[in-house]
Structure formats: structure tokens, C-alpha cells
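Novice: Dropping the structure in here first, questions after.
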């Protein structure tokens, strides 16, 4: 009898791919497989040649890039010297999660599928391409694909005699159990809490507790959008960075939400526990202190402000003591109920905490050991660094738009990290924020004579402020910035700084204030108006172009404006202009970083 082992590997940026991988893991357990679910970079890739059955679940980020937790795996897999028979004993399937509004839709999943095939793997099914843009989200593709996958897998690995698939009505055991400690044991173990890691560079597992130096609002008080320029002191951390790099910040839940959550679930926030895996081989959560209090778990680990996923309602339905609530939860977790769930959760951006309020009988019956199965961990947030080490040694500055908007729910929606950062006042004491730095997607030219054209409306200007500060500190001219916002008097970030650099001859500045006149004016209009200069910079001086900002209409409008400049000033045909821009992208002379 072949050993019934299944490995599920995921590459996840926002948690959707991880959530889907864990769902497949639960379905595997119901079919009596020995199953491991791991992030691709946590798995020892050298063992891949011994695996017989693997499901890969991976997202695509940015401009067709692999998520952070599969980058090492990705580099290894594409090594030229891997023999074409490396994975010839592996049966595999690839499930991709992407967004078809991006040009490189599910690029990573398609490429991974092809590469494993090249290395001798045997595909069980064609690659599945889940799409966020679908009315029912990725599940529209994932659900039918999984049904087909289990048919294939059970044909190869039939259930052992006498065993049946465990019914979805049966609740699987939790991944961890909580072992409560006596009141005073936390003090005796406080050395565990205080232990500092060996001197390593700050990272996700060992962030640096940076002191917040200043937290300054840079939009007018009367402006609808609160934007902050926040500065941190990273002296002594060993952190270094260049323009284009990103700082990762680990946010936390606000005390009111933590208190509400504990009351709803009837938890004592001061209770202290140790976490133990239910099955041998299950790793403990790397980001959680041991021992830990309930308050620490809820404040720093459980993402109670995220929009809950389908798996949340599925697990919740098992604990329901109330028939009406159970029926609704079962509907939300069924394939037929996805439209209803979307209207309840995604449209109004309802939080996990609010959903728990709506199911009070069920919520009060949740066993605490299921909390880590039920609610994902709080993920770090990325911010473009908006300052240069050459201009501000030992400091990191970021430009943060505080996320706050209305939906049909009575309370305004708030971004977890931006709201938390905005609430911190460094004048009221020593404020520390856990952070670390990682390489960004944008690379600025090393040659001091290369001109740069930067297009950064709104907070998209952040990485360009870092680049301009860095280039000015090195005496580099040829800096051209297109900046757009609503009104000159309300949200013209860093106005005095830009104007001083213009006076000193370090910067060419083109501004578009969309609401300061009848006709709306955006950065793309300024690009067309200054076509001759841009053509001269691009064609005559081999300038590099950079674009950063909101991913909605702006990137397409800017690309269109650039193409029209190439046609009008360079005399290119429409198809030649398109190819010219594509060639700039391929040679990394045109780089963009956009976010939704």
C-alpha cells in the first residue's frame, strides 16, 4: 500500500493563498491523508525530489512577481543546472490566485506549472487560475477544480479499506491546544518574554523596535484625507536601505477592539497559556511569544479587523448552539451562498469582530483552542521609504494616508495599520514600532549622469522623495518630477522641499492640481504638455522613467500619455510607440510600482 502523504506548499502575500492551502489541508485530512501545509520558503527544497504528491498554491504580486515567502524557492527552481528528470516521480497540481485587472494575471502559477513539468513532474490537472475580479472571487474556479483534483487523487490513492471520507458536518480537531498556566508562572518565565535574539539584521521574525520621532499631518486640517509624514529612529539597528526600498511595519489591534473581543468570547485577557501542537510535526506559530497572555494574542497576533473569509464561517458553524445562526453560517460557507457572503462581508468591508457580534450565541461558544484556526494572523504592512540615509542618517520616514471610508455600515471603515500609526503621539512618551526593511521593486540608475523622470501622484511620490534626496546628496541633477494632487493649498506634500530644490537647479517640477480649476488636470495632462522635453530626455539622454501610485486608472492613463508623446515628438506609429515603451520596460528603463 503506497503511503498516503500529501504536501501542500503555498506562496502568499496577503494570506488568501495560505487560507486556500489550509482549506485543501483540511479536505486532505477528511480523506485520511498525512498532510503538511507549508510556506514555500519554510520547506527544505532539497527534499522536493522525494515527494510523490504535491499541491502548489501561489499568488502573483506586483508586476508578475512571486510573493515574499516563495522567493528563495523560486530562485532555486529556476537554476539552470537542475536535471530535467529531477521531479519525475512527483504528481502535482498548481492552483494560482490572481487578479485579471493586472497585465500579468496569475503569471507565477503559469510559470511554476510549466517549470515543474520541464523538471519531469506529472500534472494531475491543468493549472487553475483563480480570479479576484470574478463576482464570486477565486472560489468560482477553486471549487470545481478541487472536486476534480480529489477525484484524481483518490483514484491514485484510494481510501484504505473500512475508512470513509470524514463528513463536513464533523469538526476536525484544532491545530493547537492551549495549556493555561498558574497566575504567577508568567513572572517566573518572564526571561522568555525578554529574551532578545542574537544580533541579526531586523527581519519579520525579529523586527526592530524603532522609536517614533515625529508624526506630522501634511494635509490641511480641512482636507478630507489625513496624510502623515512619520519619522523613526533606527540608530543601532544595523538597517541600511536605498531609494526604492520598503519598510515593513507590524501593526496591532486597538485596546477597545481587544476588550470587546474578549468580552464577546468570555475570555480573561490576563490568562496566560502555552501553545502545544495537536499533531507531532505541526510547527508552532513563529511570530507568537511563548508563554503568552490572551491579551497579547488578541492585540498582536489575531487579525480581528480583517474581512473574514469563507473558511471562518465554515468553522464557526460547527460551534453554533443556535439553529438560525447555524443555518446562516452554513449558507455562507456553501458554494451556493458565495454571492450572499460577498454582499454581507466584502461589499461593506465588514470586520471579523463585527461578524462575531452578529452571531452572539455562536461566538460565546467558540472553544479558545480554535482561535488560531479561525482567525488569521496580523500581517505586516509595506510602506515605500520616503527619505534617504544620506539626507537623514539613522532615520526612516514614510508618507502614510490614513485609511478611512464609509460603507453602508454605520461605523466608518478604518485601515488597521494607518489608524494605529496615526494614533501614536511621540510627544507623549517613548513610542516604539516593530519594523524591518526589505528590497523594493524599483532600482534607480547607478550612473550619476542618467536623468530620471518620476511620475508620482499622491502618496506615490514617497519613493521619489527618497530618490531625489539621495541623488541631490550625491550632487546629481537631471531629476524631473511629475506630482499630482487635488489642491495646491491642501495636499501638496513636501511643497517647500521641492520648491527649494527647483531654485537650486536640482529639480524640474511639474504639478497637476486636479480640483483647482473647472477642468480636472492630472499628471497625464502635464506629460502631454511637456512632450518635447520628455522625448529629449528619453531619446537624447537615455533617461529612466518611474511610476508609482494608485493602480486604478492612473497607470493606463500615464502609459497612454507617454505613447502619444512618442508619436507626436518622436514620429513613431502607434504600434512602434507601444513597442518602444515595452522595450523600456524590458531593459528596466521604465519601472512602475502601483497598488490597489
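Heads up, the Cβ atoms here are built off N, Cα and C, so glycines get one too.
This is the feature table in TrEMBL:
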- 6-150: domain 'Flavodoxin-like' (DOMAIN)
- 12-17, 59-62, 97-106, 132: FMN binding site (BINDING)
- 205-445: domain 'FAD-binding FR-type' (DOMAIN)
- 349, 381, 382, 383, 384, 415, 416, 417, 418, 595: FAD binding site (BINDING)
- 459, 514, 515, 520, 521, 522, 523, 524: NADP(+) binding site (BINDING)
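Buried or exposed, and what's around them? Tell me for each listed feature.
Specialist: Sequence-distant contacts of residue 15 (FMN binding site), defined by Cβ-Cβ distance under 8 angstroms and a gap of at least six in the same chain, are 306, 376, 379.
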Novice: Could you list the residues of the same chain, at least six apart in sequence, whose Cβ is under 8 A from the Cβ of residue 59 (FMN binding site)?
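Specialist: Result: 11, 12, 13, 14, 16, 17, 67, 96, 97, 98, 108.
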Novice: Counting Cβ neighbours within 10 Å across all chains shown, tell me which of the binding-site residues 382, 416, 521, 523 comes out on top.
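Specialist: The largest 10 Å Cβ neighbour count belongs to 523.
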Novice: Name the residues of the same chain, 6+ apart in sequence, whose Cβ is under 8 Å from the Cβ of residue 105 (FMN binding site)?
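Specialist: Looking at Cβ-Cβ distances below 8 Å from residue 105 (FMN binding site), excluding near sequence neighbours, one finds 60, 98, 99, 129, 131.
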Novice: For the binding-site residues 12, 384, 514, 524, which one has its C-beta crowded by the most other C-beta atoms within 10 angstroms?
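Specialist: When each Cβ's neighbours within 10 Å are tallied, 384 leads.
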Novice: Including all protein chains shown, what's the count of other C-beta atoms within 10 A of the C-beta of residue 349 (FAD binding site)?
Specialist: 16
